[in-house]
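One structure is given below, encoded as structure tokens.
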Amino acid sequence: MNALRFPDDFVWGAATSAYQVEGATAEDGRGPSVWDTFSATPGKVQNGDTGEPGADQYHRYGEDVELMADLGLGSYRFSISWPRVQPTGAGKPNQKGLDYYRRLVESLLERGIRPATTLFHWDLPQALQDLGGWENRDTAFRFADYAEIVFDALHVRDWLTINEPKTVVDCGYRFGTHAPGVEDDARAFVVCHHLLLAHGLASRVLHERHPGRRIGPALNLHPTYPADDSPEAHEAARWRDGLENRLYLDPIFLGRYPEDTLDWISERGPMRDHIREGDLAAISEPVDLLGVQYYTPIFVDGAGERVFLHPRTQAEWLEVYPEGMYDILVRLTADYPKVPIVITENGLPTLDAPGPDGRVRDEGRISYLRDHLTAVHRAMKAGTAVEGYHVWSLLDNFEWAEGYTQRFGIVYVDYPTQRRIPKDSALWYRDVVKSGELR
Ligand code: GBH
């Protein structure tokens with residue numbers, strides 16, 4: 001087969017998030033977040049795991065930057081822990097917290113690695129949760145204030161606002177599997193509106209204060225398909241597409257919520273009453289780059305239930321379907337205004353551990369990444385502007401409710417010693433990055 005060549009300026013990267021890798025949750029004045037609370041609650045996380053030790057990146061960022069440089073990476077997507085910067089979510093910044101991110105950014109820039117910085121990857125200051133969290137409209141304004149602090153403090157060009165608002169809505173407030181562990185559709189969609197408002201308000205702050213920089217959302221998109229040919233399954237796939245994709249894409253890009261989805265939501269709670277004049281204008285603040293996170297498709301039957309038709313992974317929600325990457329990218333170009341797209345996450349967990357020779361033979365990850373990158377390449381040929389790709393994740397880390405039982409890293413972390421061991425996939429990725437080619 002011919003090698004697939006990516007453009008010379010294609011950006012190859014890897015991603016992590018603060019609570020998943022940093023550890024050091026009680027250091028240098030960091031305040032508690034909702035994930036500290038949630039993971040300390042018995043029964044919420046596998047094995048009672050918490051963000052300690054994570055991958056101890058708070059202390060080992062220097063080593064990790066060297067590792068990224070060795071792999072030839074051009075971009076590192078990480079997130080800022082809001083409670084490190086504002087321990088109670090408001091007021092004067094905690095200098096020690098800000099200094100950590102200054103040092104991280106400087107080390108990356110020295111090695112020619114561009115930071116792509118996420119403002120919020122789920123670790124809301126607990127003090128704001130105590131005031132209602134994302135159900136409280138004021139949290140969106142607090143978020144814009146926090147964003148202003150970090151925009152001004154850090155030499156970062158590219159920003160992502162909220163990581164996967166849908167996951168906060170669904171896992172945090174509908175299914176209760178993530179912090180804060182609520183199971184209530186009525187409350188969930190109020191949270192949805194305030195998360196989107198926060199996204200828009202923070203984007204506006206960046207545009208006003210730092211023209212020339214770029215900002216956008218990081219959305220986990222799930223292409224939805226009918227599992228069979230019945231009209232019911234087609235109808236259900238369309239309904240599910242509203243909840244998975246259009247509920248987030250339409251307000252951000254088109255300045256309106258999808259009516260069919262809003263009707264369904266309104267039968268369950270008061271989201272509509274929380275949409276004030278001017279909110280949609282704020283939410284549809286122009287997007288400079290769109291972060292796309294793709295892991296899995298959702299096939300639904302006539303009853304609207306998810307059906308699995310393809311191989312699954314250790315993560316039971318993750319059905320392997322590279323075609324979905326192509327479909328979602330091409331659909332974005334067809335249905336929404338064209339903006340530069342960057343893949344901000346894509347990956348899978350595997351159980352591979354170091355063998356007697358120390359190697360981690362994660363063949364399954366190599367084929368997953370290769371197949372998804374092939375789909376990205378195909379979408380680019382079909383006219384979708386994709387600037388870059390970040391594998392989830394650089395390192396094995398705290399996988400939320402799964403604790404340390406699922407390893408998404410291209411680099412293995414031996415948690416007791418915190419030793420980093422590049423898996424075979426990391427060595428494979430290094431070759432792809434160096435050559436700019438998939439072979
Ligand atoms: C991303 O979420 C996250 O951004 C990242 O932090 C995470 O580590 C990575 O993917 C891998 O999971 O509660 O039963 O519905 C991807 C979307 C949402 C998929 C939560 C798993 C939990 C299953 N994830 N979902 S359930």
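Heads up, the Cβ atoms here are built off N, Cα and C, so glycines get one too.
TrEMBL annotations: computationally assigned, not manually curated.
The substrate binding site annotation in TrEMBL covers Q20, H121, N163, Y295, W392, E399, W400. Residues near N163 (substrate binding site) in space but far in sequence (CB under 8 A, at least 6 apart, same chain), listed by position: S17, S79, T118, F120, H121, W122, A218. In the three-state DSSP scheme, N163 (substrate binding site) is classed as strand.
Panel annotation: around the region 'Disordered' (23-56), residues 16, 64, 81-84, 86-89, 94, 96-97, 100, 122-127, 129, 133, 178-181, 395-398, 400-405, 413, 415, 418 of the same chain, lying at least six beyond its termini, place a Cβ under 8 Å from a Cβ of the stretch. According to TrEMBL, the feature region 'Disordered' maps to 23-56.
Residues near E164 (active site, proton donor) in space but far in sequence (CB under 8 A, at least 6 apart, same chain), listed by position: A218, L219, N220, Q293. Summarising the annotation, TrEMBL assigns active site, proton donor to E164.
Classification of E345 (active site, nucleophile) by DSSP places it within a strand. Cβ-based neighbour count (10 Å, all protein chains) for E345 (active site, nucleophile) stands at 23. Look at TrEMBL and you will find E345 tagged as active site, nucleophile.
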Using DSSP and collapsing to three states, where does E399 (substrate binding site) fall: helix, strand or coil?
coil
Composition by DSSP (helix, strand, coil) of residues within the region 'Disordered' (23-56):
9 helix, 1 strand, 24 coil
How many neighbouring Cβ atoms, not counting its own, are there within 10 Å of the Cβ of Y295 (substrate binding site)?
24
Using the recorded substrate site (Q20, H121, N163, Y295, W392, E399, W400) as reference, state which further residues of the same chain have their Cβ within 8 Å of the centre of those residues' Cβ atoms, listed in sequence order.
S17, E164, E345, S393, N397, F408
